[in-house]
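Over in TrEMBL, the protein carries these features:
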| type | residues | note |
| --- | --- | --- |
| DOMAIN | 52-163 | domain 'Phosphatidic acid phosphatase type 2/haloperoxidase' |
| TRANSMEM | 28-50 | transmembrane segment |
| TRANSMEM | 57-76 | transmembrane segment |
| TRANSMEM | 96-115 | transmembrane segment |
| TRANSMEM | 122-139 | transmembrane segment |
| TRANSMEM | 145-163 | transmembrane segment |
| TRANSMEM | 184-203 | transmembrane segment |
| TRANSMEM | 223-246 | transmembrane segment |
| TRANSMEM | 266-284 | transmembrane segment |
| TRANSMEM | 290-309 | transmembrane segment |
Amino acid sequence: MDALWEAESEAIRWLQGLAGWLAPPLEAVTFLGSQGVIIVLLVTVFWCFHASLGARLFVAVIASAVVNNLLKSVLYGSRPYWFDPRVTGYSQHSSFGMPSGHSQVAVVTYGYLAARSGRRSLVWAAVAVIALVAFSRVYLGAHYFSDVVVGLAVGGAVLWLVLRYEERVLAWWRSLDTLRWVSWLLVVSLVPCMVATAWQFGVRGDWVVPTAEWIGATPSDPAAHTLAGLYTTCGALLGGVLGFTLLHRRGWYSAAGTPTARAARFALGISVVLLVLAVERVLFRDLAGLPSALVSYVVYAAVAFWASFGAPEMFVRAGLAARPDRSTDPAEQ
């Protein structure tokens, strides 16, 4: 890979030197594919606009993120500014680079919303956003061209699978008894973690940062940070799907309502999310390696469960939302 990275690093240096003024606007653009923006978007759709669409979008995006982090945990790809100190790393990261998570998640998130809207103008808008996010990742030195291409390809594959099979999978899931769906959920959320952990501590247990080749600003332990990212997304998948399944069995809930009610839902729901994440940082900031990854799994499972079940139930009981009327809104089920 060194020869490919050298060639791509040279192209990135040329790109950065061609138009230095692009850095600030592209730093803003790249946030459209960042974890924080995507989380806010997911809960906003689910809590404030359309619960069914939001739940399906959540599962698609988080499942895609699990695939992305699993690939990162196996491929051990450098980032341009790690490999070549002459590349400016405008966007700093501590996890491996291949494939591009921002590009992949952007395809699934904005592609899904555009496809479900049925409006051609939104499809083209999604294509523009995805292209800009992908370009920003290269320009900002966060990814090689090859990282982005693979991220777009994997994201496209995930999106196609979701659009083609989500109704069948949802019907199958709802037909399962409690023991079976709980078992499947544990398998889906734990197996990627077990595979990546076995790979890192078994197959690649002697790996260290190759400082002779990666002579840029490389973090001390990208393998551990990448593993923590995988545990985070797997925990979120567990908590989210668990919450949606239980909420459906309680009659679901409707995201319709007045602008005031929708705003109140968002404010109350996101306050709990921020509080939990703040407590995690205070209590577990000194953890590293596998213990840190395990804590991330539990914390993000709890956060996702709150977002998918705890918050909607609170909204209904507080009078900020209601159960959907099956006769007037069958889509909100």
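Placement of Cβ uses the backbone N, Cα and C atoms for every residue, glycine included.
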Of 28-50, 266-284, 290-309, whichever stretch has the most CB pairs under 8 A to the transmembrane segment (223-246): 290-309
Mean predicted confidence [pLDDT] for the domain 'Phosphatidic acid phosphatase type 2/haloperoxidase' (52-163): 94
Helix, strand and coil residues within the domain 'Phosphatidic acid phosphatase type 2/haloperoxidase' (52-163) as assigned by DSSP: 84 helix, 0 strand, 28 coil
